[in-house]
């Protein structure tokens, strides 16, 4: 846990903000399993006052905001009667994107635009690529103003924060937020190409609303340096920050999943890994003010 423990009396309102980072299909499953088990224990992450979702975190954030039944996702992200059209992955393009983003000496603005150019050279996502997401996240309408979905404008490289006032369907927003070139095609909205919000930041934690406690769940915490997250959180007026990532056993699951050409094969095991780690997160939340009464 980063930050200080909050000491508040039970008659004060506790403001909670949750930040969900990127992490591919396996990170999505892991966060869904984590949230499902916490919900069974009476800890509903979807009750947070603010939810910031990036890439995989946008999908899980939408699930939390819509109140979706997470247990129904334990074995598969989609039932047999939902037709899923997933565009083929392009490993060479994906490798080129990672090479650009992992160059710590590169100018970040230039790097983002370069990734955007790679995306704009590809055919954009078609409706059949987006439509199944409605079942996956639990609806196509924004439930309220709390959810913020992070995307990047491919041409300008600028970050966009979509919410219920943005005029973008929830399914479109969540798919755009995970549209990493090579893994998924760009999403076009009003003639603009949008790509994965993780191209800007793995977590976009600086968007977290003013809160007493900020919970950052980062599936790929083991892959990225901590300095960017610390810099983002430095400007967030929170009394306490809980940072949670995968443990060694979960990382093994993730690594095996990343090597599997079947993107959904990893889902059940990653979901179970999230369930298993719920104990550890519940303990961290208990040490913060997250579990304190709201009023």
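Going from the start of the chain as shown, residues are counted 1 onward.
Here the Cβ of each residue, glycine as well, is placed from N, Cα and C on the backbone.
Per TrEMBL, active site, nucleophile is recorded for 55. According to TrEMBL, the feature active site, proton acceptor maps to 196. The domain 'PNPLA' feature in TrEMBL is assigned to 18-210. Taken from TrEMBL, the feature motif 'GXSXG' applies to 53-57.
The list of residues near the motif 'GXSXG' (53-57) in space but at least 6 beyond its ends in sequence, with Cβ under 8 angstroms from a Cβ of it, reads 19-25, 27-28, 31, 147-150, 174, 177-178, 180, 196-198, 201-204, 217, 219.
With a 10 A radius on its CB, residue 196 (active site, proton acceptor) counts 29 other CB atoms from all the protein chains. Within the model, the motif 'GXSXG' (53-57) carries an average pLDDT of 98. DSSP assignment over the motif 'GXSXG' (53-57) gives 2 helix, 2 strand, 1 coil. For the recorded site, the residue listed as 'active site, proton acceptor', the DSSP three-state label reads strand.
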